[in-house]
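TrEMBL lists Glu77, His80, Leu118, Lys172, Glu173, Arg178, Gln190 with the feature chlorophyll a binding site. Look at TrEMBL and you will find Arg82 tagged as chlorophyll b 1 binding site. Residues annotated as chlorophyll b 3 binding site in TrEMBL: Asn176. The annotation signal peptide is assigned in TrEMBL to 1-18.
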Amino acid sequence: MYASTIVALAAMAGTASAFVAPSAFNGVAVQAPVKASSTVVMSADAMIGADVETGGIFDPANFAKDEGKLAKYRAVELKHGRISMLACLGMWVQSAGIHMPDPVFSESKPIDAFFKVLSERPAAAIQVLLAITWLETVAVKGDVGKEPGDVGNFGDNFKPADEGDYAALQLKELKNGRLAMMGIMGMLLQEALTGQSVFAQLSSGHVSHIALT
């Protein structure tokens, strides 16, 4: 699962751009899904997930001003959210001691696992970095007429027939992806500060919390 750590680092680079494609949500009903390609001009108000966390469109850098790029921004947000969700899962799996039988993958702390592979199997690390480069520059460009983030026919069997249900499912993916982007950064930072894996941090009580009164 050392790959998950590398992928997570790449995901952090795109986190800032991932949050700049806000979309509309009135807190009661979810808008119908918007179908568009990365070349279609679309409004921020026509996109799912605008004010779920912020109570309104939050765009201090005015990224949404260029409506011709909003579909691209949404595709980037979805891609990095999906990568971060997998990276978070990888952090837990690696910390649990589940890994390939090769001793080079035996390190339970993901950051240490990455540097172990980098030092002992540099060719493998280079392969992962090349795969990330391919994902960032070539793959998942989006087809004309398809929604941002729609990768071919992948996942079609799970798409609800009802537009409202489908929009609600899209919103869930956005929210979980955003949470995962923040979560993976937090897990990597905490491991770097404590020198402990996820499970080691939990077992030693290194958990920050806010007392509710």
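Keep in mind that glycine also has a Cβ here, set from the backbone N, Cα and C atoms.
This view paints the features noted in TrEMBL onto the structure.
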residue	record	Cβ contacts under 8 Å, 6 or more apart
Arg82	chlorophyll b 1 binding site	Gly149, Glu173, Gly177
Leu118	chlorophyll a binding site	Ala125
Lys172	chlorophyll a binding site	none
Asn176	chlorophyll b 3 binding site	Gly81, Met85
Gln190	chlorophyll a binding site	Gln196, Gln201, His206
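The binding-site residues considered are Glu77, Glu173; of these, Glu173 has the fewest other C-beta atoms within 10 angstroms of its C-beta.
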